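Student: Copied straight from TrEMBL:
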SIGNAL    1-30  signal peptide
DOMAIN    46-278  domain 'Peptidase S11 D-alanyl-D-alanine carboxypeptidase A N-terminal'
ACT_SITE  S67  active site, proton acceptor
ACT_SITE  K70  active site, proton acceptor
ACT_SITE  S125  active site
TRANSMEM  409-430  transmembrane segment
REGION    459-505  region 'Disordered'
COMPBIAS  475-485  compositional bias 'Basic residues'
COMPBIAS  494-505  compositional bias 'Basic residues'
Amino acid sequence: MRNKNILKRTLSSFLIVVVLLLNITSNIYAAAPKVSKDSSLGLYLYEDSTKSELYSHNGNKKMYPASTTKIMTAALTLEYIKDLNKKVTTGSELNRLPAGSSTASLYKNETLSYKDLLYGLMLPSGNDAAIVLACNVGKVISKDKNISKDKAYSVFVKEMNKKAKEIGMTKTHFNNPHGFHDKNHYSTPHDMALLAAYADDFSYYNRVVDSTYYETTTNKTTHRWSGHNALILRGSKYFYKPAKGDKTGYTGEAGRCVVGSSENDEGIRYYAVVLHSPTTAQQFGLARDLLKYGNEETSKLTIEEEGDTLYKYTVRNLALGEQGAFKVKVNKDIEVYADKKYTEDNFTISFEPSSKYLKKTNTEDYELVNSISEDDKIGKINVYLNGKFFKSVDAFSKNDVDMRSTRDIIITNALIMISLLCLIIMALVLSSRYRTKKRIQHRKNLKRARLKNEIKTYGSRVPKRRPSTNDRGQKIKVVKKKNNKSKPINKNTKYMRTRKRTRKK
């Protein structure tokens, strides 16, 4: 019985140790890569559905992308060529092939389909396939089948740079379709992640880059092409089952490069970029660690919800009758993927207005540059993780806000002038009344003073006088009444006077 208890304890202890070791191993492999700050490596991990940057080391530093450039060449081919079975024939364009290039071993006057050329581009990393695609797709882009191959090549490279700007590759410039070293051909780890996400929208792209082998027979030979991406090669020590192949690259100046991706059980796609790696071990080992970290150690958080009022600002120059504020919202949830150790409380946001609509004043208010309609894009919402910039999303207006027009300004100025005039008139009236009241009070005071003096002089025998002014301080005009009282008439006297007058006649 005692031996059984000892055996149980031993087994329990062994199982605990195994579980702990497994957890430790899992945590080691799933942790974000750690590299020294002064390392020249370019590392980047990106989640496209929420536009989240999950890891970055020299993510925005200019570097040479080498053959990872071919991701753009493949994507543009898929965008402009609808029938991949259409045939093209190689020719003088192969003279453009730089010495020392990796090739798909194409021959002049060899007829291949666009499908064949895509596999020849991505699996053996054929610079010759890139040139043939550029010259033929360039004609389609220009909509002129008769242009020379040199012009078509230039059209294609120009389209590469145009597309780069469209998808946000702001620090990228392409000079060729294959990535052979050129000092004016550069990108960044961040930009290459955006490129991989753009190419991922084409279903056939995934079919090509997920392949490790392709065989085709042409009028010249049978091609057997194999891929070099160790992330998807079974038996490789860098093999990672959820990984999807994208593209590797190498030049002396660029170092060893790889752009890889993976998809978790929820269909979330992660993009890992490694540029300027000195060794194959770092090239694929770091890419695998980045993808594993994204799949296993990150989760989605909702920072703000669609339609919520995020900010409310006062506007100075509103149209007459308008309310004094505009509201800021987002048209879809602000979501992020971040390390599982973070919560929503670790994230903050700020509003960055568009100069097209708004101008900041010295206070917290804004002035309108143009009138705003509901759902107009009026700027950006910047998201910060522990105070460090994380991502940005578009900000929209939640209400209509009309800017004050010239007519409104004229009406407003007129109203102001009328108001000022009314105030001036009121002030004059009140001032006049005040002066009148003061004058009356002054006269009353004089009268009281005179009465006091008379009382002192005459005592109780002060002669009565009529008031010289009324209650309003106006002078009283004294009218002397005529004495209408006549002396009593003596009838006899009157008669005698009458008779005397009669006698004279």
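A Cβ is built for glycine as well, from the same backbone N, Cα and C atoms used for every other residue.
Surface or core, plus neighbours and distances: that's what I need for these features.
Tutor: Contacts of S67 (active site, proton acceptor) defined by a Cβ separation under 8 A and a same-chain sequence distance of 6+ are given as S102, S125, N127, H178, G179, K247, T248, G249, Y250, C257, in order along the sequence.
Sequence-distant contacts of K70 (active site, proton acceptor), defined as residues of its own chain at least six apart whose C-beta falls under 8 angstroms from its C-beta, comprise L121, M122, S125, A130, P177, H178, G179, K247, G249.
Counted within 10 Å of its Cβ, the other Cβ atoms near S125 (active site) come to 26, all protein chains included.
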Student: Determine the mean pLDDT over the domain 'Peptidase S11 D-alanyl-D-alanine carboxypeptidase A N-terminal' (46-278), rounding to the nearest whole number.
Tutor: 96
